[in-house]
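According to TrEMBL, the features are:
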{"type": "DOMAIN", "residues": "49-379", "note": "domain 'Kinesin motor'"}
{"type": "BINDING", "residues": "Gly132, Gln133, Thr134, Gly135, Ser136, Gly137, Lys138, Thr139", "note": "ATP binding site"}
{"type": "REGION", "residues": "410-432", "note": "region 'Disordered'"}
{"type": "REGION", "residues": "580-643", "note": "region 'Disordered'"}
{"type": "COMPBIAS", "residues": "580-589", "note": "compositional bias 'Polar residues'"}
{"type": "COMPBIAS", "residues": "620-630", "note": "compositional bias 'Polar residues'"}
Amino acid sequence: MKLLQKKYQEDFLHLGTHLNGLAYAATGYKRVLEENRKLYNLVQDLKGNIRVYCRVRPFMPGQPTSLSTVENIEEGTITIRVPSKYGKEGHKPFMFNKVFGPSATQEEVFSDMQPLVRSVLDGYNVCIFAYGQTGSGKTFTMSGPKELTEESLGVNYRALADLFLLSDQRKDTTSYEISVQMLEIYNEQVRDLLATDGQTKRYPFDLALLNNSHNGINVPEANLVPVSSTADVIQLMDVGQMNRAVSSTAMNDRSSRSHSCVTVHVQGRDLTSGAILHGSMHLVDLAGSERVDKSEVTGDRLKEAQHINKSLSALGDVISSLSQKNAHVPYRNSKLTQLLQDSLGGSAKTLMFVHVSPEAETVGETISTLKFAERVGSVELGAARVNKDNSEVKELKEQIANLKMALARKGNGNGNEAQPNPPLQNHERISRRRSLETPIFRPKLPTMGNAPSNLRPQVMDLSGPEAFSDTASSRRHSLDLHELMKSSIPSWPRQTLDINEEDREFKSGEWIDKHTELNQDDNLLSPDKFYQSMTPQQLNGGKQDFEVQSITDNESDGVASDCSDSDLMWRLNVQVNVPRVSNKQSSANPKPKKIKPKTTKVSETRSLIPSLIPAPSKRPPNTVSLQPQRPTRDGRRRLSLGK
Ligand SMILES: Nc1ncnc2c1ncn2[C@@H]1O[C@H](COP(=O)(O)OP(=O)(O)OP(=O)(O)O)[C@@H](O)[C@H]1O
C-alpha cells in the first residue's frame, strides 16, 4: 500500500509538472495566435484597404472571334490595345493589385479575396464591389453563371462557405453568431427583401439605419435573420431573390436598375475573456448599366438612370471625403452610402473587382473603366506609387508650371503674390503594391443539391463607369487657371496618370456636352470630378484614412487568424509593388498631338448610365485641362486660357 501510495504521489507530481507545462504552452499558443492575427491583418494593411483586382472576360462562345483589346497581361499589369480610330494606335498599360486573364478560374479569383473573409471574423468590416460595363462579367465573378456547378460558383458562395468553415474551426476559442439581412434600393427607396408579409416595406432610412448602431456597426431596422450554415444563407437569399423577382416582373425588370445588398453581420465572443467583437460583410449588387436608345431615356428610365448615377456619385463623394480626412463624410447623401457606412472608411476593407470585356468595339468603355479603377486603387495606395508615365508627365508638369508662372506674372504685375506651384513631385511617389496572397484554405462549397439553380446571391455589382458621368464632368475642360492658382488645393490625377493624349481622348469630348444637356440640374460627381477634387498630398496621405485600426487586446483576445507559421512567413515576404515604368505609350508616340478645335456642340440627349455614353470623340480645344480644377461656387468651370 505504501509503495502504491508513493507511486501515486510521484505520478501526481509528474502530472502536475506536465500540466504546468501544458498550461504554459497554452498561454504561449494563445500569444502566438494573437500575434498571428495581428501580423495577418498587418499584411492586409500593407496591401492596402482598398484593393483593386481586374478580370478579363473571355470571348463568348459563338461570338465571332476578333482581336482582343487586351494585348498582354503580366502579373499586376494589363495592357490594352488602343485602335487607331481613337486618335493613334498604341498600347495602354494599367496596373492593379492583380489581373486575372480570361482563363482564370473562379477558385483562383476567390483565393485572392479569401483573406478578407477571414478579416470579417477578426472584427473588420468588408465591402466587395464588382465594377465594369454591362456584360463584362460582374455577376459571373460574384455569383457564377446561370447554370452553377461546383467549379463555377462565384466568390460570394465561396466567401459565405468560408465564413462558416472558419467560424467552425475557431469554435474552441470563439463563439460566433452570424446573421443576414437583404435590402433593395430602388430610386432611393429601401425595401426589406426578407419582409415576411410580402409587402413593399419602406423605411425611414435615416432613422432606421443611423439610430440603431451598436459597437460601431449600423444595423438597419430590417429583418436581421440568424443563420448557422451556408445552406441557411442560401435559403434566405432565395427568399430575397424571389421577392425581388416579383417586383421586377411587376415593374418591367426593375431589378436590373436597383441595388440589392446582402449584409452578413458577425458577432464573436471570446470564450475565455468574454470579449465581444463585430464584423460585417456587404455583398451588394448595384444596378447594372444597360444600353438603351435615346428615345427610351425619358420618364421612369431617366429617373432610374439619375438615381443610379446619384448613388454612385455619392459613393465617390464618401471615398473622396475619407481620403481628404474631412471631418464630415457625406454618408447621408444616398441610401447606398448610408447602407455601406460601416464598410467605408475607418477600419473597413474594400475590394473592387473591375471587369473588362475583350471586344474591340467596347475599348472606349474598357479604358474608361480601367482608368477609374486604377485611380480608386491609387487613393489608398498613393504613398508608394511610381508614376508609370513619368517622363511624359514630368515634361507636361513643367509646362503647366511655366504657364502658371506666366499667368501669375501677368495677373499680379510682378508675380510676387502668386502662390507656389503645388508640389508635383508627390505624384511621382505614388506607387502600388501587388497582391501577395495565396489561398490558405480551400473553401468548403455548399452542396449544390440544396442550392436552387437560379439562386444568385449578390455581391456588389457596380454599374459601369459611365454611370458616373454627369454634368459636372462635362465642364472639365472649361477651366479657370486663375481660380486654380488661388486654390490652395492642387488637384491630382490629370497631372500624372491622366495627362497624356489618350486620357483626354477617352475622358473628354463631345459626349460630355451631349451629356450635359441631359443632366444640367443634377449636381452629380463623375469619376473625373471626384478624383480631380483630390490633392496629391491627400492621395499620398490618404493611406492613413484607410488604415486599419488595430483591435485592442481586449476586443480581440483569442480571436486569431488561422495562419500557420510557414504560411505567415510566406505572407510576410512582402514585396511592395513597385510597378514597372512603362514607356510604351510615350515612346510609340513621342510627338505632341495636334489639337483639333471642336466646332460643334451636339445637344442630343443621352442616357446618364455609363454604357450609354457614345464612344468619346477627339479631345476638345484648348487642352489646358491638364491642370484640373475645383468647381467654382456656382458649380461651373471656366476656361480663361482660351480667351
Ligand atoms: N470569366 C468568365 N468566363 C466565362 N464566361 C463568362 C465570364 N465572365 C462572364 N461570362 C459570361 O458573360 C456573360 C455576361 O456576364 P455577366 O452577366 O456576369 O456580366 P455583368 O457584368 O454582370 O452584366 P450586367 O451588368 O448586364 O449584369 C454571361 O453569359 C457570363 O456567363
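A Cβ is built for glycine as well, from the same backbone N, Cα and C atoms used for every other residue.
Automated prediction, rather than curation, is the source of TrEMBL annotations.
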Neighbour count (Cβ, 10 Å) for Gln133 (ATP binding site): 27
Average pLDDT across the domain 'Kinesin motor' (49-379), rounded to a whole number: 77
Entries of Gln133, Gly135, Gly137 (binding-site residues) sitting next to ligand 1, with Cβ under 6 Å as the cut-off: Gly135, Gly137
Gly132, Gly135, Gly137 as binding-site residues, winner by CB count within 10 A: Gly132
Reduced DSSP assignment, Lys138 (ATP binding site): helix
Candidates Thr134, Ser136, Thr139: member of the binding-site residues with the richest Cβ shell (10 Å): Ser136
